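See structure below.
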């Protein structure tokens, strides 16, 4: 395998586990906690964020030389906000029920620090193909983490998965799991578990 | 040098802004018909739900509010539907209410949009809660936690008293809006 | 209810009942990242409150007189984020010129505020809830105070936690999240206190 392909694969794999946005970097917490009350919401948020991440990393990587250093951040935010508006109208037009249940958190993708952070640390310094690999890996990493968190919350909180009742009538749903309190506690426990699996626990919020 | 870089900064931001605005205009033009059709469809389904016996719906404007009058196949008015919204637990709740003006009672309600907690407040959309209002006379309702024993009592969704109380308040408001526009239900 | 009572209720409702951090999940990043010491948490909270109050007023004006007047709803997100970014920049320059002391204590937090989702969330909630101009400003101020309250409480708990015996795997982020969960449960006690 050529060096180039190896590089691409490692860029891609980075976000899946080693620098997983949620479990290792602990960024993008607002949507992570807010929309993971059902698996459908978690998946939709993961995909929407991935789309914005991939498109904006491609664009930023393409025009990085044209942007003066001082207006870097505002330019990135503008680009991101444009893609977010696109996603928002797309969801409202073709998936109205998902758009309704994610509501405010679709526009809030604009300020998801994961996306801005990747522009700053990766796309602005690397060529398009590597930025694409990075964005894809980060997007999938973000999505699977959201799915896992929402699976735990929906299963215990409502006894269902993807809206299908899994646990029978004998199960009394732990309502706390779908409430804010349950979101914080579940994520805390999941990160602790990931720290045990990943051993070298270094997570500390890198962006505020 | 200083001046040049300031100029470059402004030009860059303005260019990105203009491109963004143009692209979004296209996105808006492309999606808005679908979005409007979705809203229209949700409204139509809701009106059908709250006026099940109506064959034909007439949209009328009174007191600068829009009402939907339902007529059966022989042209008799079977009821009125009205869309109303108000604050819920997490955000606005939008509902459609169908009333029988002659009998001065609610036929049914239907929830169009809400932001309530899944598994709790979101259960205001379920039949168990909505059926509370079926056949209720106009007036002020009382939210109770046990199965209702009096006519004006409405049973709250378990664990979601606030969502239930808010929805009930929105229903009361909607009824008084209709009463105002139609002169006390005559 | 008089206009004034409603504003007072809106303020307390925003601080306690619909707390931005613990109920609405807005502004979690600074809540986890800048809550190690009470003093810095206070600084962050005050800087955020300041920007939020201005954002409340500014977004109402932009939304009413530009976006709604010219029928440009699709530019809402883009224009709100520009307003917030420029507001933060402006506040930074203003404080730097007028009060070096204040700048020293708040300055380092200001650049971080642009990407604080509590601010954009606030801006987006204003047209959604249909507040008046004064209402928007009060809502922004209340949101800021609520944010400050949660972040300062968390910092106080974390300062105490320094001396606690936390199991190894829970150290750092996990235990902070679990504490936040317990705080969220406590704040659930306020629900229903005020309905707006």
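Positions of Cβ are set from backbone N, Cα and C atoms, glycine also.
These features come from TrEMBL:
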TRANSMEM  C:6-29  transmembrane segment
TRANSMEM  C:41-62  transmembrane segment
TRANSMEM  C:74-95  transmembrane segment
TRANSMEM  C:107-127  transmembrane segment
TRANSMEM  C:133-157  transmembrane segment
TRANSMEM  C:169-194  transmembrane segment
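Counted over residue pairs separated by six or more positions, the transmembrane segment (C:133-157) shares fewer than 3 Cβ pairs under 8 angstroms with the transmembrane segment (C:74-95), which leaves the two as not touching. Across the candidate stretches C:6-29, C:74-95, C:107-127, C:169-194, the maximum count of CB pairs under 8 A to the transmembrane segment (C:41-62) is reached by C:107-127.
Counting same-chain residues at least six beyond the ends of the transmembrane segment (C:6-29), those with a Cβ under 8 angstroms from any Cβ of the stretch are 48, 115-119, 121-122, 131, 134-135, 138-139, 141-143, 145-147, 149-151, 180, 183-184, 187, 190-196. Below 8 angstroms of C-beta separation, residues 20-21, 24, 26-30, 34, 43-44, 47-48, 51-52, 55-56, 59-60, 63, 67, 76-77, 80-81, 83-85, 88, 91-92, 95-96, 136, 139-140, 143, 147 of the same chain, each at least six residues beyond the ends of the transmembrane segment (C:107-127), sit close to that stretch.
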